[in-house]
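Engineer: Sending over a structure as structure tokens; questions will come in a sec.
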Amino acid sequence: MLGALTAPSSAVRRDYALCFGDEKGSDDDSGPIYGNEASVDDGAADRRIAACSVIAEDPTEALLLRAKAYFYRASARNDKEDWDGAIADYGEAIAIDPKQAAAYFNRGADWYNKGDDDRAIADFDVTISLEPSASEAYSSRGAAFLRKGNIDAAMVDYQQAIEADAQNSAAHTGLGQAWDRKGERDKASAEYDEAIRLDPTDMIALLNRALNRLNRGEFDQAMADYDAAIGIDPKSAEAYANRSAAWLSKDGWLRAIADASKAIQLDPAIVDGYYFRGLAWASNGNKDRAIADFGKAIELDANDARSWFVRSLTRALSGDATGAAADCRKAIALDPERAGTCGDQLAGGDGKPTSP
């Protein structure tokens, strides 16, 4: 396990408790292991940042205490989702104590949050070199590899994470996602089952198992997972959008519209909410509303080939041949393998656009 920074017990007392934790003294080295402590409001985070700044930026302070203060200030910045500020502070902590595995790990997690998988992997590499049994470092590096599309490397890391700690539910979830990418639905399902057994509140595992079950034709089981996910987090826009897709598979377009609309209410920038609601409107023959929703999905993500594809079909059914052809060309340019039959479907559509 990765510990926080150790501080000398003879340090001059300031508001160390506020910086290092509500119930921690300056010589307590039991700080955050991976990621942050329980989430706090911005006011509490700001107060912690201020307290840590006094210690971290004082050149007369003991070096290891300064490193510890930078570490905890970074943690507070993470509470505010200030990834850049946190990365800078972890860098300061590392400059003082380059053997601090927790700082590398947390900085890697922040790089991952920023979408920089290569830098995340580099920091996780160092973490693992310092702590070869750090299960969460392996599973986090696996997540970065998976997002980069390096499925085999991700699987090796997830398996290593499980070997180091069989109770690492995130590793089982990630391994399930990797198996899904390889088309091994049974193996993926087994990993999701184990992840949920270990952590029944694992939203990622629940949503992925639901999709896995839906692809296997297990509608009722999939709906149970979506219901469970929404029960755990009623504000999860992703869960509502995904359940909308499940209703579409059973021609439940009214319920699909309701769930997609709820997803949009929770997150106005959720592409899948508009996409699936558009499909539901199209299934009901309401082409104008469908086209409007597909247009909003495209506005939010112009590289989403699915939305161009189905808007093309819907425009064709509405008599807009020019617009349909333009959308079809765009869909093919973005995803020639999946949208390559766009022209054929335009010629023989049945009035209910489906995803490529």
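Using N, Cα and C of the backbone, Cβ positions are placed for all residues, glycine too.
Small disclaimer: the values here were computed from a predicted structure and weren't measured.
Pulled from TrEMBL, these are the listed features:
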type   : residues : note
REPEAT : 67-100   : repeat 'TPR'
REPEAT : 101-134  : repeat 'TPR'
REPEAT : 135-168  : repeat 'TPR'
REPEAT : 169-202  : repeat 'TPR'
REPEAT : 203-236  : repeat 'TPR'
REPEAT : 271-304  : repeat 'TPR'
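Describe each of these features in terms of where it is and what it packs against.
Structural biologist: Long-range contacts of the repeat 'TPR' (135-168) within its own chain (CB-CB distance under 8 A, at least 6 residues past either end) are made by residues 2, 33-34, 101, 105, 108-109, 112, 117-118, 120-121, 124-125, 127-128, 174-175, 177-179, 181-182, 198.
Within the same chain, residues 135-136, 138-139, 142-143, 146, 151, 154-155, 158-159, 161-162, 208-209, 212-213, 215-216, 228, 232 sit at least 6 positions outside the repeat 'TPR' (169-202) and bring their C-beta atoms closer than 8 Å to a C-beta of that stretch.
DSSP assignment over the repeat 'TPR' (203-236) gives 27 helix, 0 strand, 7 coil.
Listed by sequence, the residues of this chain that lie at least six past the ends of the repeat 'TPR' (271-304) yet keep a Cβ under 8 A from its Cβ atoms are 237-238, 240-242, 244-245, 247-248, 251, 253-254, 256-257, 259-261, 263-264, 310-311, 314-315, 317-318, 334, 351-355.
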Engineer: Averaged over the whole of the repeat 'TPR' (271-304), what is the pLDDT?
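Structural biologist: A mean pLDDT of 97 is what the predicted model shows over the repeat 'TPR' (271-304).
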Engineer: Within the repeat 'TPR' (101-134), how many residues are helix, strand or coil going by DSSP?
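Structural biologist: In the repeat 'TPR' (101-134), the DSSP-based counts are 27 helix, 0 strand, 7 coil.
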